[in-house]
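Undergrad: After the structure tokens below, expect a handful of questions from me.
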Amino acid sequence: MKMFYLRQPYLLQHLKQINKPVENTDLPRKNSLKTKRTAFVRNSSSFSLSLDSNYHDENGPKIQCTVIFQLENELGLAKSLKYFQDHGVHVLHIESRKNVNDADATEVVCEIEGTENSIMSASRKIKPSSLTYSASEEVSSIKESDEYEYVWFPRKITDLDNIAHRVLILGEELDDDSPGSNDPEYRKRRKMFTQVALNYKQGTPIPIINYLPSEKQTWGKVYKKLSSLYVKYACREFLSNFPLLSMYCNYNENNIPQLEHVSAFLKETTGFTLRPVAGYLSSRDFLSGLAFRVFNSTQYVRHPSLPFYTPEPDCIHELLGHMPLLADRNFAAFSQEIGLASIGASNAEVEKLSKLYFFTVEFGLCRQEGVVKAYGAGLFSSAEEFEHAMTTPEKQREFNLEQIMDMECKVTTFQDYYYITESFTDAVQQLRQYAANIKRPFGVRYNPYTQSIETVSTTRHISSYARDIKAELTNLMTCLDNIELASKLATDHIESLHSNDESTEDIRSLSDKEKLDVINEMMNGH
């Protein structure tokens, strides 16, 4: 398999020009982007792509890039897309948006895949002045085969903006038999929540919602009912984090927490953040968010006529069900691993992963100190099913991946069975074993520094990955050495205090925790 690099010489050539500081540093971000965009337009005639000669192939390995061009009319779009089609360039994703420089103009964002020559040929056909930007990244040359078909996936956290609006069912589009479908005020309210979600951009503050008294009343009824069940049946991780949410995010019977506040709390505890969503996302799009440690959450509240039932996830489900465990490091890592496993996977594999997610994260049970406890968000937000799952032993089964893949995910009735894992670690291990069998010609890793998904498909990628791991291991060994040294100092200090004490040998056998306690006393001057 040959590796190649897609370059943009004009980006380097004009880097200083594009990044010149503006005189007025208080200008809004829009003007800053306008300056950069103008520079791209001015220099678009120098747009070029090149490959290292060592990797050149007359057939051309496949590359991926994003192009943005301005439309004069609908005919222009059809013509541009035909240029791509005629040159064998595959359009992976397309969307239109308003031009920041001209409110009356429309520009099109296309993520494309093809050979160097085909992309160059198609790009030359597009009016040069309309090509305002082209971004690219290093990718592996993935040959089409019966075993793998390329699937587009977000690579940067900001790419989540491209999928957040692809909801299967908008929050305002209620079925005729859904609670509130015949309530015009409720439908109007849901439409407002939909607009908030669709207008949201990744990384910006989540809008604060002024919840209605009726919505707070519904929340309060559910909160009060479930609180008594949590004490009896919830896992220790849930019970440890729930008080923290009360303390830092104002969780209580009379208040609906704001996603913005909960997101800030999760960011500091496990690195997860929230983003508002208008309704159901596809399994692929939802799991993609988890890969970035982003949880798509609704903000609307179920209809007050049925406070203990909802056919779709609402903010009560998200806030009471998911947030306490997303504040747990092990569970957060488990959620992200499911998301990463879905990246680039086939539709069939994503469907299986969504079942795994459903019967663990949503309706999972675990065994703690020999007692079955719940950790599923679907249980934590549904009082009736919560009690049913915990008081009906015949509905509880040991975790079995093969059985889970054959199960039906039910959203309007109770599940047929609830599966018990020995621990979160056990669930993660089984997930990893399953993910290892997913067929894709690359691995993936999340880069928290750039908030991006990196593909691992070449020896160069592996070397880079290994260097990062080596650096972490070196730091870990340094920490262990420091702890060992501190432990020795603590022992010597104790021996000096008890030099005439016959129990010196017993002191040598102090546990690491006891030694650290002594170290703390030493640091505090005792």
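Glycine too: its Cβ is placed from the backbone N, Cα and C atoms.
When I checked TrEMBL for this same protein, it listed these features:
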type: BINDING; residues: His317, His322, Glu362; note: Fe cation binding site
type: DOMAIN; residues: 138-484; note: domain 'Biopterin-dependent aromatic amino acid hydroxylase family profile'
Undergrad: Across all the protein chains here, work out how many other Cβ atoms are within 10 Å of the Cβ of His317 (Fe cation binding site).
TA: 21
Undergrad: Taking the Cβ of His322 (Fe cation binding site) as centre, how many other Cβ atoms lie within 10 Å?
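TA: Excluding its own Cβ, the number within 10 Å is 26.
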Undergrad: Neighbours of the Fe cation site His317, His322, Glu362: Cβ within 8 Å of the Cβ centroid, same chain, sequence order.
TA: Pro313, Glu318, Gly321, Val361, Gly376, Ala377, Gly378, Phe380, Ser381
Undergrad: Which state, by DSSP, holds Glu362 (Fe cation binding site): helix, strand or coil?
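TA: Looking at the DSSP assignment, Glu362 (Fe cation binding site) belongs to a helix.
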Undergrad: Mind giving me a neighbour count for Glu362 (Fe cation binding site)? Other Cβ atoms within 10 Å of its Cβ, every protein chain shown.
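TA: I get 22 for this one.
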Undergrad: In terms of DSSP three-state secondary structure, what is the assignment for His317 (Fe cation binding site)?
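TA: SS state of His317 (Fe cation binding site) = helix.
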Undergrad: Averaged across the domain 'Biopterin-dependent aromatic amino acid hydroxylase family profile' (138-484), what pLDDT does the model get? Just tell me the whole number, please.
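TA: 89, rounded to a whole number.
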